[in-house]
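Annotated Ca(2+) binding site per Swiss-Prot: GLU120, GLN123, in sequence order. The N-linked glycosylation site annotation in Swiss-Prot covers ASN8, ASN18 and rests on sequence analysis. The topological domain 'Lumenal' feature in Swiss-Prot is assigned to 1-28; the stated evidence is sequence analysis. Taken from Swiss-Prot, the feature topological domain 'Cytoplasmic' applies to 52-175. Summarising the annotation, Swiss-Prot assigns transmembrane segment to 29-51.
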Amino acid sequence: MEKLTDLNYTLSVITLMNNTLHTILEDPGMAYFPYIASVLTVLFALHKASIPTMKIALKTSKCSYKVVKYCIVTIFNTLLKLAGYKEQITTKDEIEKQMDRVVKEMRRQLEMIDKLTTREIEQVELLKRIYDKLTVQTTGEIDMTKEINQKNVRTLEEWESGKNPYEPREVTAAM
């Protein structure tokens, strides 16, 4: 690990890359040299930047796995951005956070739907009571005795002797 952060080693790797690129460049059919050179430069820079960072992170952090995972994800996301991709790699922690946020929002919406449903049910019950009060209720026979002030009127069947007491009778007078 000491060798990776050594300046002489870095210079020898750069020299090796340059020699390799010059041998590739001598081939006249090599048209993609600038692209290969830029990719190799980026990879080497990431390699040189990530090794000391990872060493320090592993020594100082207690949760080294999370730090290493975060560094690797960050490196890959940087490479994807350099390649022109808009997608990014996410870790399980980020996915779990997003899922928790989605679940929380769904619970909030379900509570809102429950409240609205309860209100709608109450409104329907109120409208039913109002409708029941406004509907005309039919009864078999209407008692009109209170309206025409004839409470003591009897029918033919209700009279005791079976005769109408209001019919005129023959009256004989004694002299």
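Each residue, glycine too, has its Cβ placed from N, Cα and C.
Note that the structure is a prediction, hence the values are computed from the model and not measured.
Recorded features from Swiss-Prot, shown on the structure.
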| residue | record | CB count, 10 Å |
| --- | --- | --- |
| ASN18 | N-linked glycosylation site | 12 |
| GLU120 | Ca(2+) binding site | 10 |
| GLN123 | Ca(2+) binding site | 10 |
Euclidean distance between Cα atoms of ASN18 (N-linked glycosylation site) and GLU120 (Ca(2+) binding site), Å: 76
Cα of GLN123 (Ca(2+) binding site) to Cα of ASN18 (N-linked glycosylation site), in Å and rounded, measures 81
What kind of secondary structure is GLU120 (Ca(2+) binding site) part of, going by DSSP in three states? helix
What mean pLDDT score does the topological domain 'Cytoplasmic' (52-175) have in the model? 76
